[in-house]
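Straight from Swiss-Prot, the features:
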- 9, 15, 16, 17, 138, 139, 140, 141: FMN binding site (BINDING)
């Protein structure tokens, strides 16, 4: 069984989403001793943002400069990692009301027409269903349903939309919020998220 672990936080060891996503992977490793884990630290090794040159360079028979060809091949590798994974664990902090740009760059490499989705007479159809996706969303403030800032939350809502678009309609989402509201609030949020991670089903 293959697991892809993706972290989008820029905060390293101070990151709540990284702490919780790592705990999830550790739990799944313990439950599945033969688990094959691929890890992408999108802050430590950022992916280049998608460009017109790369889109053109990915077309059949394209003639590319070495830099563009490297970027095209990197995009293919990222896509293949995602397609091969049966489980995907995503650490997704909320930065300025949305995902980190590093995580968005990864998403742009896995949303590929004809591979993870396609357009037909009835609109878009997801082609990447069947995966188990577990996302950890960390938020400094309070953005949950019913809060004054709920409409400004574009990390969890965006992730759910993107995943549904490619056929993953039931992701498991763990939220840690209020982590910037003081040390006690941070500890409560982290503890609650770790408890939720420990309660995840084995498979």
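All residue numbers here begin at 1 and follow the chain in the order shown.
Cβ coordinates are placed from backbone N, Cα and C, and glycine is handled just like the others.
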Quick one: largest C-alpha distance among 9, 15, 16, 17, 138, 139, 140, 141, binding FMN per the record, in angstrom? 16
Tertiary neighbours of residue 9 (FMN binding site) (same chain, Cβ under 8 Å, six or more apart): 15, 17, 18, 43, 91, 93, 100, 138
Got a sec? Which of these binding-site residues, 15, 17, has the most Cβ atoms within 10 Å? 17
What are the non-local neighbours of residue 139 (FMN binding site), defined as same-chain residues 6+ apart in sequence with CB under 8 A from its CB? 93, 94, 153, 155, 175, 176, 177, 178, 179
Please classify the secondary structure at residue 140 (FMN binding site) using three-state DSSP. coil
Below 8 Å Cβ to Cβ and six or more residues apart, same chain only. Which residues does that give for residue 16 (FMN binding site)? 93, 136, 138, 176, 179, 186, 189, 190, 193
Those residues of the chain, 6+ apart, with a Cβ under 8 Å from that of residue 140 (FMN binding site): 94, 177, 178, 179, 180, 181
